[in-house]
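Okay, so here's the structure we're looking at.
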Amino acid sequence: MTAVLETAGPPAVSTHNRLTSVALRALPWLLPAAALVAGLLHTGVSVAEIALYTAYFALGVVLPGTLVHRAVRGSRGNLPEDLGLGAATGMLVMLGGWALAAALDWFWLLPWWPALIVALFLAVPGLRRHWRMSEPRPLPVLWSWIVAAGLLLVVVVAYPNWVRSPLPPAGGAIYQDLLYHLALVHEMTRAMPFQVPQVAGEALHYHYLSDADIAVGSMITGIDPAVMLLRLWFVPVTGVAIFVCAALIRELSGRWWAGAGGGVAAILAFPLLLGSPVTPIGVIPISFVSPSQTYVLGLLGLLIVFAVDVLRGRPLRWGWLVIFPLALAVAGSKSSALPPFLAGLAAAVLIVLLRERRRLLPVLGLFGLVLAAVVVGFRLFAGGGAGTLKLEPLAVLYWVAPYRQTLGREDTIEVPYGVEHAGLTGGVFLAGLLIWWVIMQAPRMLGVAGLALGRTRREPAAWLFAGMITAGAGAAYLLWHPSASQNYFYLCAVPFGTVLTAWLLADQARSLRPVVAGAIAGGIWAAIAPRVPAPKPPTKAGWAWALAEPLLLTAAVALIVTLIALHLWRRRTGRLAWRAIFPALIAATLMAGLVGGAEQQARGVASAVKWSHSSRPALDRQRVIQPEEMRAAAWLDQHAGRYDLVATNVHCRPIAGTPECDSRAFWVAGLGGRRTLVESWGYTDSAVAAEGVNGKRYMYQPAPDQEAYQLNQRVFASGRPADVAELHRRYQVRWLFGDSRAQGGVSPQLSSVATLRYRAGPVSIYQLP
């Protein structure tokens with residue numbers, strides 16, 4: 001089935017009406033823009049930085065990307081979808097420029113890269129037509145209001161993270177993963193081959209392309225990488241994913257309202273909450289503390305847009321040149337993104353083989369290109385974390401409170417004893433947990449169940465999405481990772497499970513009345529559903545009832561509301577609207593996920609505001625990076641050469657260490673912007689692969705190069721000239737970053753063998769010849 005796209009009427013002719021129309025269409029976007037600017041200003045970003053980044057994103061990413069996308073795939077007939085798909089394309093184009101610059105060490109090329117593309121579309125006669133839409137088909141203004149509301153919610157998601165992530169040199173605690181990524185952002189400003197910046201000399205095997213994207217923006221604008229990562233970058237990149245999903249759903253369904261609402265729900269909706277005492281795992285597909293997860297969604301969505309064209313028999317022409325680099329960019333952005341997509345594509349290939357054999361050759365070509373990208377991407381980007389994945393069914397339940405507090409009391413992170421020794425009643429409890437999880441994931445899973453209904457089941461694209469969400473869930477529940485990173489297989493597929501649900505809604509709805517009624521009912525119930533407390537004591541029976549009660553209450557309320565609505569409709573029309581029940585249920589489910597998520601995010605904002613005005617020390621002082629330490633790291637960034645190597649005695653969190661060092665400090669390389677001989681090794685391939693060795697978690701494993709580590713420690717502890725000379729001779733260390741708060745302190749003898757260049761608070765920075 002090929003959907004017929006709904007379009008608005010022809011544009012107004014008079015100049016006055018045209019200007020009025022433009023103003024009305026621009027009005028919805030002012031609200032999220034104003035909220036974004038206000039939030040950034042309130043959390044320490046300057047007007048100049050906001051203006052610079054806006055200009056960079058609009059002229060360096062969106063503009064060239066839109067031109068390229070129109071040239072490759074054509075215009076959507078409206079500006080919002082063209083710009084959204086163009087922004088995702090622009091992200092890919094900018095990655096291409098960065099890869100060339102990093103391979104050749106020609107970073108001077110980056111500001112000229114988007115200018116070169118724009119110049120081509122100005123100079124080449126055949127490309128000039130892509131500056132405008134030949135057949136405008138504007139979307140209704142209500143589409144803009146719905147998507148703009150979603151962008152406002154993105155700002156709400158971001159704000160608590162802005163408040164709790166201080167901008168240097170304010171001092172405070174920054175989540176370790178953000179510091180790790182900040183060091184990678186600096187690493188992406190250096191030439192290939194890349195190294196692990198916290199353990200110099202170790203090859204970097206990681207999905208680092210989100211960090212490359214941030215680095216490009218920083219290098220072109222001159223904005224500090226910390227401001228880019230901790231403030232400016234998250235909202236626009238998330239917005240791109242919303243626009244791509246909205247365009248994708250409208251392409252599939254032909255309904256503008258399904259595209260707008262479904263696009264927002266795909267990125268921002270939670271699973272059902274319904275007052276449950278616990279939130280199901282697999283909450284939301286974006287994450288402020290995981291730039292890679294957030295970044296990949298727009299690129300993966302763009303890849304799926306091209307895949308749908310192939311599955312529907314639309315010729316790609318020049319688009320075929322985009323498939324492999326785009327798939328490789330997805331692999332390099334998040335290594336867990338392509339496997340579920342490949343599984344879904346395999347399901348679509350099977351449907352094509354059975355029903356649409358004339359499309360088989362291009363679909364197999366698409367499958368082959370994506371498979372090649374998976375293989376190449378694994379070699380280029382996958383590291384120790386990927387190698388640590390192993391088959392361990394239901395290991396993810398370790399992170400689920402009803403299981404941990406009952407069957408899993410004796411579990412370790414490596415061995416789910418509760419699963420292995422569940423017994424009959426335990427097995428029933430486990431089955432109930434899985435059924436509960438599937439029901440609560442209804443916003444993402446209903447589309448799969450809906451394949452038994454309606455016309456979507458005939459579409460290979462529907463089986464692509466069903467295969468993706470099923471494979472993602474299967475990977476989450478069948479695999480094991482020491483940090484539960486198997487969940488990312490599911491989170492990467494979540495938006496596209498929601499896409500299928502929104503498509504099913506559009507397919508089933510004969511009018512908007514049941515959709516609107518169901519959405520209102522679902523949103524209200526999500527807001528007012530009574531909260532069920534966790535059972536005390538936490539028994540299997542107690543947890544079973546605590547999880548079942550919200551579902552039973554919701555089912556009862558839904559039944560009563562449905563019967564009342566059917567009765568009122570029959571009295572008014574004389575007919576029973578049975579066919580309206582299913583679309584109303586789908587709409588209620590999607591809206592419940594959105595409202596439940598919005599409520600949780602609003603609570604996060606309130607908590608962040610309260611926290612920011614609290615006079616109580618809410619943080620462990622040993623985990624706080626002091627303002628003087630941040631200033632010292634900034635001084636190092638400004639004065640050290642781009643490839644200078646730094647030695648430091650900062651390794652652990654908390655900084656003074658414990659009997660076992662949690663080797664995830666990361667802030668010297670992150671804020672100092674330089675490679676360190678050995679700072680923190682908790683995320684290295686060898687550490688993650690050593691999970692469980694000697695009974696220790698991966699972050700507590702010893703430094704991988706003990707010889708270098710011991711020499712590094714002796715230099716700071718004793719300051720012996722022979723050790724300092726050996727450190728310089730063997731490893732070409734140019735700087736010593738010593739922190740007296742760190743374990744072992746800093747020897748005063750260092751001043752006699754190295755040049756003291758900077759001192760602030762507990763930090764002393766020395767330069768070696």
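Each Cβ is built from the backbone N, Cα and C atoms, and glycine gets one as well.
Residues or ranges marked as transmembrane segment in TrEMBL: 26-44, 83-104, 110-127, 139-159, 228-249, 256-274, 294-311, 316-332, 361-382, 422-440, 461-481, 576-598 (among others).
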(request) May I ask which of the stretches 110-127, 139-159, 228-249 has the most CB pairs under 8 A with the transmembrane segment (83-104)? (result) 228-249
(message) Can you work out which residues elsewhere in the same chain, 6+ from the ends of the transmembrane segment (110-127), have a Cβ less than 8 Å from its Cβ atoms?
(response) 59-61, 63-64, 67-68, 71, 90, 93-94, 97-98, 100-101, 216, 219-220
(message) With a cut-off of 8 Å between Cβ atoms, can you find at least three pairs linking the transmembrane segment (294-311) to the transmembrane segment (228-249)? Only pairs 6 or more residues apart in sequence count.
(response) yes
(request) Sort out the residues at least 6 away from either end of the transmembrane segment (139-159), same chain, that have Cβ-Cβ distances under 8 Å to it, and list them. (result) 8, 24-25, 28-29, 31-32, 35-36, 39, 43, 78, 80-81, 234-235, 238-239, 242-243, 246, 256-257, 259-261, 263-264, 267-268, 286, 288, 597-598, 601-602, 604-605, 608
(request) May I ask whether the transmembrane segment (228-249) has at least three C-beta pairs under 8 Å with the transmembrane segment (256-274), counting pairs 6 or more apart in sequence? (result) yes
(request) Please indicate, using numbers and ranges, the residues of the same chain that are 6 or more beyond the transmembrane segment (26-44) and have a C-beta under 8 Å from a C-beta there. (result) 50, 141, 144-145, 147-149, 151-152, 154-155, 158-159, 162-163, 166-167, 170, 231-232, 235
(request) Could you tell me what the rest of the chain brings near the transmembrane segment (228-249), counting residues at least six beyond its ends with Cβ under 8 Å? (result) 36, 40, 43-45, 49-50, 53, 57, 76, 80-81, 83-85, 87-88, 91, 143, 147, 150-151, 154-155, 157-158, 161-162, 165, 167, 174, 178, 181-182, 185, 213-214, 217-218, 258-260, 262-264, 266-268, 286, 288, 291, 294-295, 297-298, 301-302, 304-305, 308, 495, 498-499, 502-503, 506
